[in-house]
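A.B. asks: Next up is a structure, given as structure tokens.
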Amino acid sequence: MGAAVAGWTVATVLLQVAGLSLFLYGFFPVKPMLRGFSGPDSYRMPSCGPVSAGGQKPALPPDQLRSLYRELAEMPPVYDRLVLMVIDGLPAEFVLGKGGKPPSKELMESMPYTQSLLAGCQAAGYHAKAAPPTVTMPRLKAMVSGAIGGFLDVAFNFNTQAFLEDNLLDQLHMIGHKLVMLGDETWIKLFPTLFARQDGVSSFYVRDTVEVDFNVSRHLEFELAAKDWSVLVLHYLGLDHVGHIGGRRSVLMTQKMKEMDDVIRWVHAASLQDNLKRTLLVVVSDHGMTEGGNHGGSSYEETDSVALFIGHSVERPHCSPYDQNEALQVDLAPTLALLFGIPIPKNNIGVLLPKVLNSLTDAQKLRTLELNSWQIIRLLQAQMPAFCLEDCINSEGGLGIVVHPESTEEKFCHLLSKAFVSHQSLRLHQGSNFKSAEAQYVGTSVENYYGFLRYASEWLSHRATDKPFYLLISAILLMTISCLFLIGAVSRLFKELSLSQTDLHTESYLDQCWHLDEVFILTGIFLYVISLGSSSFVEEEQYTWNFLTSTLYLIFLIKTVQAMLIGSNSILVHRAEEKSFDGNYFSYATSYELTPGKRDGYKLCTILIVLVAGRVIKAWHQGGINWVHFPDISKLLAQADSSIVKSLQTFSVLAVVALYSVSLMLLRARSKVVIGVWLSHIYCGLLVLLHIWENQINTSLPINHSTMSIARLFYGIASVSISATVLASPWIFPTYYTEAKPASSSDSNPVKDQGYRFSWHQ
């Protein structure tokens, strides 16, 4: 039997490993990408055949490379300097409104200068949809490379590594631009050798909403006066921290937006001193936030990021500033690349933003769309090696137009042919006297180019994020079969062991029967695993756990009450028998040890406390998505007076200290070390009380040194106390046990045996 069980176990483990490997491969697909960096070849029409793997960065000196790019692009760069201002967590609707309607009056008044630029048609704004996961690091990668990251980037967000793919900052650096970075240290981790000057701040101290932005703005006066840089990156974290603390409707939100508006005014005023107007200010956010101030998912509130362009190329005589202009966050990469005269990054799936190209001529606009299309075609060829641009254009008498395209390749050919044929027709009619016909060809060409680019971008986006459904189902089936095999092997093993002991210990076989709590635990695990297949259950996972834990403790409560009833009956019978043995000291001692009343009373109180605490925790914060707007305790405390909150905090600390002290007393520990443990706990409680009463509940104030000292002292004492208690617990706390009495003919009372077994199991 042992060999059979071992064989089944090995087979189970192998199936589990195979299923898990398949699932990981399907859930975290490897994104097809082109290696190397874009160079002079990106300005030429892509050839048929496999795409070249690419190489290292171009070896030309920066000045020669810049001149070469300008010559090949057939147009000069629109701007010479870039200020990229990232306001972490800023939702687009805070600035641009929603559904064609302007933001609320309070939000508009919090950013008066920015709103004046939008109303005066001096700025162009977009609702730039961010792809999930909506956390900082993958969103920054998307903005500078135009590529969509995967969910593995969520893990890398906590341990950011250097970014090695083709991107805007490396391309700008290669043609001689000098880069400066102030703000979130994620930029420094992504580009550790790129910035000439840098000052990074950590993004994980979410309680800090002041110093984290002051450390950026304190350098602005010097940097805006300096003339040696070409790219200035500013990444402000304070608004995101305000959201994490108090949500979208935090009292600090408008104050923080006013601060960001002042920075925009400051930077724009400095750029206007440049007589040539060659500075572009781009205000973007990496993601939005939910009502509770969180982000990371795929809801509209989390993906609604802003992209605001302020420069001479966006100025126009008439505009509708609050139209719902939608774009993708990855569209930032090709737009900035062509505005600054550098090649579009190789793995970009973004599309040029039309409202930023107002200063270009019609021929230059079509040239930028042509370059964007060529770059997308190379990426399509990496996915579909048989796809060829020349074949599309030359097929069917030079038109390449299929009336009813069926396959994806035919659809691409159809859209490409329309764009290139209309562009070629415009070139033939240039210089003619028919201006109306020329304008018509321009409009048709632009429309056809955008039709191809949007369709290709959407297709590539799905290819990068879609999961192979059948592969995931196969992996889940393998893991399920593995679990069934393991359950069968373990059940057979226990069954054989139980049957082998039936003759010697009859009741040991009965003890192997499943109990209600065990059945519920296994059933709950099974139901929980099934619930993970639904995104709605995952979003509201806390309610699943609340139901499972509450029900389990309710079962414990029922079993404890039943045990108390059985125990009280056995005690009455046992005491009645002891009266017939007056003077027998041992019987009274045994009766004392077997009394389960106090122990069951403590257990009953503990279960009731856990149930009440669980209900309070459930009502404390309405998490998830669907019920986040419902009232809860945290919302009431946020609106309450600070004195009430402090009183509740003080009461909570005193209650915890009292419960801990009572717990030590009930353990009946004899060692003097317990006094030290108790004193350390009292000291930690006093430190918490000191922190509560010395500090105002105002997160807009910077964290002072006394607060940090109290926190460090608290964690130091608590860590030492807990570690010492755990290590010394075998010698500090007594161990209670009952030794089995040898069976005899005189001890055959079934009631006695029942009471004895009850004491043993407790």
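One-based numbering along the chain as shown.
The backbone N, Cα and C atoms fix where each Cβ goes, glycine too.
If you look up TrEMBL, you'll see 6-28, 469-490, 519-538, 545-566, 648-667, 674-693, 713-733 marked as transmembrane segment.
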A.B. asks: Any chance the transmembrane segment (648-667) and the transmembrane segment (674-693) are in contact, meaning at least three CB pairs closer than 8 A with a sequence separation of 6+?
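C.D. replies: Yes, the transmembrane segment (648-667) and the transmembrane segment (674-693) are in contact.
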A.B. asks: Taking contact to mean 3 or more CB pairs closer than 8 A (sequence separation of 6 or more), are the transmembrane segment (545-566) and the transmembrane segment (519-538) in contact?
C.D. replies: yes
A.B. asks: Given a Cβ distance threshold of under 8 angstroms, which distant residues of the chain, six or more beyond its ends, lie next to the transmembrane segment (674-693)?
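C.D. replies: Residues 646, 649-650, 653-654, 656-657, 660-661, 664, 707, 710-711, 713-714, 717-718, 720-721, 724-725, 732.
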